[in-house]
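Colleague: Here TrEMBL flags 576-603 as coiled coil. The annotation compositional bias 'Acidic residues' is assigned in TrEMBL to 816-826. The domain 'FERM' feature in TrEMBL is assigned to 51-336. Feature annotation from TrEMBL assigns domain 'DH' to 471-662. Residues or ranges marked as domain 'PH' in TrEMBL: 691-788, 865-953. TrEMBL lists 804-835 with the feature region 'Disordered'. The transmembrane segment feature in TrEMBL is assigned to 380-401.
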Amino acid sequence: MSEIEGTYRSLQTPAGTRLGAQYNTGISTLEPGQSLSSAMGAGGKGHNKSLQIRVQGLDDAQEFYELESKADGQTLSSEVFRRINLIESDYFGLEFQNLQMNWVWMEPTKLIVKQVRRKFSFWPMNTLLRLSVKFFPPDPGQLQEEFTRYLFSLQIKRDLMEGRLNCTENTAALLASHLVQSEIGDYDDIADREFLKINKLLPYQERVQEKILELHRRHIGQTPAESDFQVLEIARKLEMYGVRFHPAADREGTKINLAVAHMGLQVFQGHTKINTFNWSKIRKLSFKRKLFLIKLHPEVHGPHQDTLEFLMGSRDQCKIFWKNCVEHHSFFRLFDQPQPKSKAIFFSRGSSFRYSGRTQKQLVEYVRDIGLKRTPYQSIYYYIIITMVLTVLTLVLPFFFHPVDSATDIPQLSPFNTKGPLCLSPSFQMSTLSLPGQAPSPLQSPFLNEVGTARLEEDEEGRRKRYPTDKAYFIAKEILTTERTYLKDLEVITVWFRSAVIKENAMPEGLMTLLFSNIDPIYEFHRGFLKEIDQRLALWEGRSNAHVKGDYQRIGDVMLRNMCALKEFIGYLQKHDEVLTELEKATKRVKKLETVYKEFELQKVCYLPLNTFLLKPIQRLMHYKLILERLCKHYAPQHRDFDDCEEALKEVAEIAAQLQSSLIRLENFQKLTELQRDLIGIENLTAPGREFIREGCLYKLTKKGLQQRMFFLFSDMLLYTSKGVTATNQFKVHGQLPLHGMIVEESENEWSVPHCFTIYSAQRTIVVAASSKVEMNKWIEDLNMAIDMSKKCQEKSDLVLDPSLCDRSNRSSDEVSLEQESEDDMNSSRCSLDKQSHHRANTTMHVCWHRNTSVSMSDHSLAVENQLSGYLLRKFKNSNGWQKLWVVFTNFCLFFYKTHQDDFPLASLPLLGYTVSTPGESDSIHKEYVFKLQFKSHVYFFRAESEYTFERYACDRNVMSLNILCRLPGQQHETQTQSARAHPIISSLLAVQSM
């Protein structure tokens, strides 16, 4: 049988039987007190065709719904959502247990009786359906309704109790404490213990009850809405957030679990996530009998194996999981609801199943556009408490109180203040919960009054707009955003590159051990550090009580604790030199590893040269140092966070000082190896003692006139190259000039060429011209500095120059080189070039070539230390709207992602040569914190979230300018000292303006 995607198999039924008919098992399926006639009246033909269906809400209250027998799932869902007044309903669904007792989702387009028919009950009245969250967004801030967030918190509560949301006991206790705060309010020992006695929040609740009480004591003054939000903030950071396991096995028979989430498919072994396949990597999902197939794009795993197979328990399980994947992909990735597949007249190939409902984008727009008033609600415990208290007061008050005339003596009851003048103790309030009888669920009958609605809406809007404005918060947020990018960079090595070399068995075992035994512990440490920073920032954003918020509106304690812990990893960091060297040697020695290395660098996930990622752990220490310096400079000495930040700065500065020389050496080695791969005609570029100084574009004077050439200045020689007309992006070396005995002079007047200077060497003399006066000064200064350094060296370079690159005519040193570089030189390496793999076109040398500029090693080091990442709004020159993107600024380039969870960038924007400014009147931009990037006719506008972020991008010269990256239009550029490893503090380019 050929493979048919999503097809339905034929079911074999005994002769003379009807498909779906019940076998006579001799077991009664009647409800207690139900007669056969009434049962037939409810479901038999010729009688009243109606269904009575039980639905359990997220608050565990059960309701009966009476529908027509031919009602579909959408009819029932709509009625459930209407009864509880749920606006953001597309996040939710109804689920029931199938024959295998697995929870499955009800399909909106199919008849109910065809879905929930049970083995021993023809009609679905015995089946319990329950309301559940179906789609878990990555950020609870995307939920616009407070009521929706309340329901989500109830789902987290259910998942905790059922053991789906696996987490540590401390995290579970923290979640439980927020749930208690949401249900009964502020801490009271008697009330808390009574509540936990009646309500079970965790399977092991007794073991952590004291921890729950201790944590609940810290939430004083927190409203139920804030508690719900904190529950979601904590839960969303857990690996098991919104995860439903589907048991399967891989090709080797290893038992695993598959799951689907907003970002794509996930693979778990036990409760540990071992792989993730983002939607952007997946080309097709299908199933064939028990096999679930994932077809990936070729660039993800190479052209050899682009289909992954997983064996599931049955075809039905495959189909259920496939449908879940289709729905998640449509909801989170599509802009519009997919159109139903048209039915074939005769034969159909594949399933016609499609997602039925609004996508997340449509849902957000719908909720925003309808402008409905938020319906105030209270959780079930508040509602029951108030109902019972009012009932008791009605009966008791006449016996204990005499009539009074003053209105001020009348006790005032409020659902938000359970401790009124009557001094009803929390224990009394909790005792009312155990009274017989069930009050109507507040989800179906909320408190309604126009005044309360308007006030609640204003309060909600105020809470939504309330945001930390302190500069310290945004400095701390920079730690979080850059840490996210840093962890993704480490995953390029620990996850992606590891997978590539293991798959091809390309790396020697000794090198595998050396590489991953050093970087894996660092990666695990920073995973925990990121979670801690993320949780602290979430608390910083969500806290609203002045007397307790100070405990969370600081970052120094977290930084101090983790900077001290970093000392344990100095030994690993010091081995990075050996790792980088051995990896380079192995790629030259092992052909298979060299092939895997080059192919991996062409993948989208490897957006920088591969060995660059190995330097990230040491470079990250410099980032911490700079950020902590800004934080200490911002704080006053008496600030409670100042001491911790200062101590953390001392700790990281001490570690950075130990590794500074190693970092300089590694950055130089990395740059040399990168150039070795991109240049043809030069061998052993990584010779000991050689240092890279500057690379850039100059125009060389030849018989044809000025010709564009790419120059590379090292501590012992100067190379000039050209870009061949080949399928690759590599450069061919045309000349190699030693620095020993070299002289550089300006010669604008002699040759009548602007920005021209002459280079005299022992073999030849060349005349070159720069694109600007500033560029010429940089080259002359760096050349003279390199020449002086070479003179001071006691020994000459051991490198023997290639005689083929020297002047073949033995002309005198004072004769200017005006030879015509033949086409043979341009094409001599074409054969070898064609054998090479394609190279990335956005590397620094290629950008310098196209933008007629240059970059020094000092610029590289400074740019590395000032990396940035975070969300920005981007707008093109002629576009109307703003697009929110996750932006990473590194290596003189902006990389754009849809979210911070994406594995590779959507696009990149090299910034060399761009000017940075604020929008002018002609730009018609009337927003705050907007800066403008422009290169010729290319114009981009970016909007930051705060003044601090705006200053970091648009005004901090260390970040964006360096006189080579972004320039102020019309500003006079001054020559700066580019001494090796010198990083002067430069003033801001622009004064911060209010737009």
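First residue shown is number 1, and so on along the chain.
Backbone N, Cα and C define each Cβ position, glycine as well.
For each listed feature, how buried is it and what is near it?
Modeller: Sequence-distant neighbours of the coiled coil (576-603) (same chain, 6+ residues past either end, Cβ-Cβ under 8 Å): 299-300, 302, 496-497, 500-501, 504-508, 511, 514-515, 518-519, 609-611, 614-615, 617-618, 662, 665-666, 669-670, 673, 686, 837-838, 840, 904.
This prediction places the mean pLDDT of the domain 'DH' (471-662) at 88.
Note: the domain 'PH' (865-953) comprises 11 helix, 42 strand, 36 coil (DSSP; helix = H, G, I, strand = E, B).
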Colleague: With DSSP helix as H/G/I and strand as E/B, how many residues of the domain 'PH' (691-788) fall in helix, strand and coil?
Modeller: 20 helix, 50 strand, 28 coil
